[in-house]
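In TrEMBL this protein carries:
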{"type": "DOMAIN", "residues": "70-113", "note": "domain 'TNFR-Cys'"}
{"type": "REPEAT", "residues": "70-113", "note": "repeat 'TNFR-Cys'"}
{"type": "DISULFID", "residues": "Cys71-Cys86", "note": "disulfide bond"}
{"type": "DOMAIN", "residues": "114-154", "note": "domain 'TNFR-Cys'"}
{"type": "REPEAT", "residues": "114-154", "note": "repeat 'TNFR-Cys'"}
{"type": "DOMAIN", "residues": "197-266", "note": "domain 'Death'"}
Amino acid sequence: SPNIQAYFSASFQTEGEVSLHPVKGLFRNRRQVCTDGTYKHEGRTCCLCAAGRRLESHCSAADDYGKCVLCDSGTYNSHPNALQRCEPCRSCEHPDANLEEEENCTPARNAKCRCQKDHFCISDTENCRICHACRICGTEGVRVDCTATNNTVCNERSEVVLCFVALIPILNSLCCSLIADLHLHLPDIAAILGWKDMKDVAMRSGISTTAIDSCKLDHPNNSEEQTLQLLVKWVEKQGMGASKDLIEILQKSDKHFKAEKVKEILQNDSTATSNNPV
């Protein structure tokens, strides 16, 4: 029949015996369709390796596959290719980047990172490189919550604050920071905080990374001076509510011991002031 003639040729060996052979190249061409596209090598058209694989050797015949092997662990190729190596997977564990893995790396897909809890990314790209701590609002309260791509927006501070320090214990409220000159205690407070926690407080309060970095550049290899300079900038930005805001931020960041130490400094100053009235 025509169908048999299309696939086979017959040769008679002896009377009554038939040997059927595939027509040369017909099955081969069907099997070797380049499903992911082609590339040229030494004048031949070779099939691309599929995503998740790399090329180990080129094809030896036209319209054929070379040797494609699976990407090793920790590497990937996300598109059909003729590359002889796979790309290294993205790492979400860079120090101080505040990232965590959202999607793991596979041979055909790179890893995807996201910001850790209470952090956000200001980059417009899909894959963020560094996340910043969300701002913590003080007594003014939160207007817009922090998201993965936007910092917290705080309500505007009231310019008129009514406090009755004599009626409210310093330990409980530190009302409006109306205690003896806070600047006298900045070196002691800076020593308690240290650079890492002071930087975290500053970032949560909306101080720019440029301003933070300038403190490091102004005092290279001197973390005490770096911390003190950044604390001074932070107090100037916060204004009247600086003491209360500092303790609230430390408490919300689970730095309870340091919050108590700062309270002690301010409490002792208040006690000394009340015992020695002007």
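For all residues, glycine too, the Cβ spot is worked out from N, Cα and C.
Note: TrEMBL annotation is automatic and uncurated.
Taken as a whole, the repeat 'TNFR-Cys' (70-113) shows an average pLDDT of 93 in this prediction. In terms of DSSP secondary structure, the repeat 'TNFR-Cys' (70-113) contains 0 helix, 15 strand, 29 coil. Of all Cβ atoms in the protein chains displayed, 21 besides its own lie within 10 Å of the Cβ of Cys86 (disulfide bond). In the structure as shown, the Cβ atom of Cys71 (disulfide bond) sits within 10 Å of 22 other Cβ atoms.
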